[in-house]
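Shown next, in C-alpha cells, is the structure this report addresses.
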Amino acid sequence: MICSISLNAIFLAVETDYCLRLSSSTFFALTDTLILSIYTTEFLLKVYVDPIAYWKDGYNVLDAVILLVALILYASSSGAATHFHSWEMAKGLQALRILKLIKYSKGMRVFTQALGQMVKTVMYVLILLFLLMFIFAILGHGLYGDPETGDTENWGNMEAAFLTLFSLVTVDGWTDLQEELEDHGFTNSHVFTIVFILLGFFVFFNMFIGVVIIKMQDSTQKYERECKAAKKAAVWAKKQAILKKQQEEVSKLTHEQKTIQYKAFSELVDNFKKTLHHSDSIVVEDFCVSIPFIDLYLTALDLQDDTVDRLQDLYCEMLGILNTILEDMEEKSLPDPEKIQK
C-alpha cells in the first residue's frame, strides 16, 4: 500500500506537465483508475473484517474521507464540469491521497496527534494575539488613519490596519511601513511600532512557537518511551519463549533419564551435549555469569598471577640466600691448613 501511495504521488506530480498530460491522457486515466481500485478494495476489506472497529479509528475515518473525495472527483471527471477553471483547481484535491501515508508511519501519527493536542493551547495564544491586534488596530486607525493627513493606505480602515499589524507581527517590511508613517509627518510613530513589535513578535509570536516546540518535545519523548516499552516487551517475550523451550528440553531429558539407564553420569552428559547446537539461545540468571562478576573475576585472576610472580621471585631470592649460607658453613667446617702442618 505504501508503494501504491508513493506511485500515486509520483503520477500526480508528473501529471502537472500540461504537454505530457495531454499526450498520455489515457495512461494517466488508467493509472488513476487502478490506484482508486486498490484504495477501494482496501477500504472494503477492512470494513468487511471489522465494520464497527474500523470507524472507531480516526485514521480510518481520514482514509474514508480521502477515498470519498477521490471517488467524487473521478466520477465527475467526464462531465461538463471539466471545462471550467474551477474544476481544474478542484482536481488539486487529489493530492489529499498522499495523506494516507500518515497511517502507515508511527512517527507521523505521533506528530499528528501532537498537532491535534496543541490546537487548544495554540487557540488561546492566537485569541490573545487577535485581541492585541484589535486594540492596536483601533489605536493606529485613530492616530494615523486621518483621511486628509494620515496614512490611509495602511491605516485608513480596520482591514488595512489589520494587514499592517500582521506585517509588523511577522517583522516583514516593518521598516518600509515606518518610513511611510514618517513621510506623512508622524515622527513619533516609531514608539507605537516598537511597542507593538515587542508585544506581538517577541512575546506572543515566540510564545506560539514555544508552545509548538514543547508539545512536539512531549510527543517525541512519549514516542521514545513507547518504543522502549515495546522493545522491552519483545525482549521479555523472547526470553520467556527461550525459558519455556529450556524447560521443555530439561523435562524431556529428565524423562529420558528415567526411562534409559546410563552406566555413568558422564555418559548422560555426553548424550546431552550431542543435542546442543551453536544456534541455541540460552538464558541464564546466575550471578556467576553476569558481566560485573566476570570483570571482577578476571581482575582477581590478574592480581593472582601478579602475586604468584612475586612469590616466585621471593622464593628465588630465599634459595639464593640459603645457598650462600650453606657455602659459608661448608667453608667454615673445613680444617685450617696451618693447623694441619703444625
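Each Cβ is built from the backbone N, Cα and C atoms, and glycine gets one as well.
Unlike curated entries, TrEMBL annotations are predicted automatically.
Copied over from TrEMBL, here are the features:
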DOMAIN    2-222  domain 'Ion transport'
TRANSMEM  26-49  transmembrane segment
TRANSMEM  61-81  transmembrane segment
TRANSMEM  122-143  transmembrane segment
TRANSMEM  191-214  transmembrane segment
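Below 8 angstroms of C-beta separation, residues 118, 121-122, 125-126, 128-129, 132-133, 136, 139-140, 143, 165, 168-171, 174, 177-178, 181 of the same chain, each at least six residues beyond the ends of the transmembrane segment (191-214), sit close to that stretch.
Mean per-residue pLDDT, taken over the domain 'Ion transport' (2-222), amounts to 79.
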